[in-house]
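Undergrad: Got these off Swiss-Prot a minute ago, pasting:
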TRANSMEM  13-33  transmembrane segment
TRANSMEM  50-70  transmembrane segment
TRANSMEM  88-108  transmembrane segment
TRANSMEM  141-161  transmembrane segment
TRANSMEM  179-199  transmembrane segment
TRANSMEM  222-242  transmembrane segment
TRANSMEM  260-280  transmembrane segment
CARBOHYD  N360  N-linked glycosylation site
CARBOHYD  N375  N-linked glycosylation site
REGION    448-500  region 'Disordered'
COMPBIAS  451-500  compositional bias 'Low complexity'
CARBOHYD  N470  N-linked glycosylation site
CARBOHYD  N473  N-linked glycosylation site
CARBOHYD  N477  N-linked glycosylation site
CARBOHYD  N498  N-linked glycosylation site
Amino acid sequence: MTTIVEEEPLFYIVMLSIGSFFALGSIIIAVILILQHFIHYNKPNHQKYIVRIIMIAPIYAIHSLLSLFFKRQFWALFFDISRDCYEAYVLYCFFKLLICFLGGEEALKELLSKKDTQPLTWPLGYFFSFTPKKSFYRLSLGLVLQYAIIKPTLAIVAAILYYNNKYLEGDFSISQGYLWITVINNISVLIALYFLVMFYEVFQNELSPHSPILKFLVIKSVVFFLFWQTVVITVLIWFDALPKSDVYSSEHIGYFINDFLVCIEMFITSIAMGICFSYSDYVIDKSTHDEILGNGKRSSSRGIGSRSGRNIKISSKIKNIKNNFNRYRHNIGDGLSDVNNPKDIILDTIMVAKLNKNNNNTNNNEINNGIIDNNNSNNIENNGKSRNNIENNIDSQDYFNFIDLNTNDKEKQSKSKYFKIKMPDSDQSSLINLDQCESPSILYGSLNGASNNNNNNNNNNNNINNNNNNNSNNSNNNSNSQFESIDINSNSVNSNKNQSDAILFTF
């Protein structure tokens, strides 16, 4: 310590001393709060996320203190990587905590099914509105999770660029990676925070008993405010607006100021964490709560004011603390195990990736189905024109070959210039001119197996009438309609297709 005092400027010694005091205070407050949550570990699904969130204050404090001590030299880069990874992780944990407050994923999806249309979060709410559905949860989770992935990834990229002389903090030139990484980080965190706010607004009434506003402000101040504080100081360094000293440049002084401020801010953050993430919400037995605090209320009636009474009170406190530690050591072990288990974020990442893949496949299928439907509509329209353009001078032998839906004789399905299509038990028929068709294939079929079962002809006619009245819903309501595509060149059945009428032609 003597060496530091003799060789370092006074302002640096003051910053390091005061920063150490506040960093140590932040660590003590956070550790006490975490232990209290572990002792009353009655809702693991809630408290494991709460403990992870509380840990950001001591982690930031330790990072800033070490960065200040090492003067942001070699080790500071690794501190930044670890801090950035955990910062993004905390935002994800807060989102999962909100889901737990709502009763879990299944309860959340049930709530979404009952939501009405509402405007988007400011400023887009002036122009757009939306109706939250089940997909809103998946979208919000994915966009919060993207920050938890992009932030540490860019931190690792920054380390690689740094060792290749392509990354220099405070250098906003296009050739350096600092500018691009800062821009991408800013966009990523804005998207994550925007959808986090939107998620809160959708479930504002359901989350109000848990006082989420203060919790969100604490998280936002750590994630968003500190990011912009670093950017502002970096800009001041870039414009050489900070003072210099005989030992350190304005760049080093800017980094010292930033690390010093973070140490103080994390002390305030730890106090705020103790208020908005209190363990008292998870205390079941109030008498146990008194014993854990060691206030000696159960033995306070013994000779208060006397020396022996004070000794009994002190020994009672020690005994209570010891007994409670033995009693709740399993809770502490379970809490440490849950907090350090990254299974949830891994499973959520895999789930979002699979859902996005399935959505892409679904969208492609919908597009393909839309194309097929359009082609079918065009084919039906062209077929209608073909039926209306039958020539008057048709040769009599061209009428010979026709498809009769009342027969199973495939030999009659030979190639001909014209085909006569006869409805089951109906005198109506239609003619098709194959010369006007690009591909000589025709759809024939029956409703409820009418061509194979003559006993159901009356029902078939009723179904045909119903199908004609419900063409817009034929894909869902006519599951009994079976049509087979016949290639007239090969006289073979190609596929089965549901349609809404007994006469449909595609070529």
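Every residue gets a Cβ built from N, Cα and C, even glycine.
Give me the lay of the land around each of these features.
TA: Long-range Cβ contacts of the transmembrane segment (50-70) within its own chain (Cβ-Cβ under 8 Å, at least 6 residues beyond either end) map to 15-16, 19-20, 22-23, 26-27, 29-31, 33-34, 37-38, 76, 79-80, 82-83, 86-87, 89-90, 93-94, 97, 219, 222, 226, 255-256, 258-260, 262-263, 266-267, 269-270, 273, 277, 335, 339.
Sequence-distant neighbours of the transmembrane segment (88-108) (same chain, 6+ residues past either end, Cβ-Cβ under 8 Å): 45-46, 49-50, 52-53, 56, 137, 140-141, 144-145, 147-152, 192-193, 196, 199-200, 203, 206-207, 210, 212, 215-216, 219, 222-223, 344-345, 348.
Remote same-chain partners of the transmembrane segment (179-199), defined as residues 6 or more beyond its termini with a Cβ less than 8 Å from a stretch Cβ, comprise 91, 94-95, 98, 120-121, 139-140, 143-144, 146-147, 150-151, 154, 157-158, 161, 167, 171-173, 216, 220, 223-224, 227, 231.
Listed by sequence, the residues of this chain that lie at least six past the ends of the transmembrane segment (222-242) yet keep a Cβ under 8 A from its Cβ atoms are 56-57, 60, 87, 90-91, 169-172, 182, 185-186, 189, 193, 250-251, 253-255, 257-258, 261-262, 265, 269.
Counting same-chain residues at least six beyond the ends of the transmembrane segment (260-280), those with a Cβ under 8 angstroms from any Cβ of the stretch are 15, 18-20, 22-23, 25-26, 29-30, 33, 36-37, 39-40, 50, 53-54, 56-58, 60-61, 63-65, 68, 211, 214-215, 218, 221-222, 226, 229, 289.
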Undergrad: Report, as numbers and ranges, which residues of the same chain sit near the transmembrane segment (13-33): CB under 8 Å and 6 or more residues beyond its ends.
TA: 4-5, 54-55, 57-58, 61-62, 64-65, 68-69, 256-257, 259-260, 263-264, 266-267, 269-271, 273-274, 277, 279
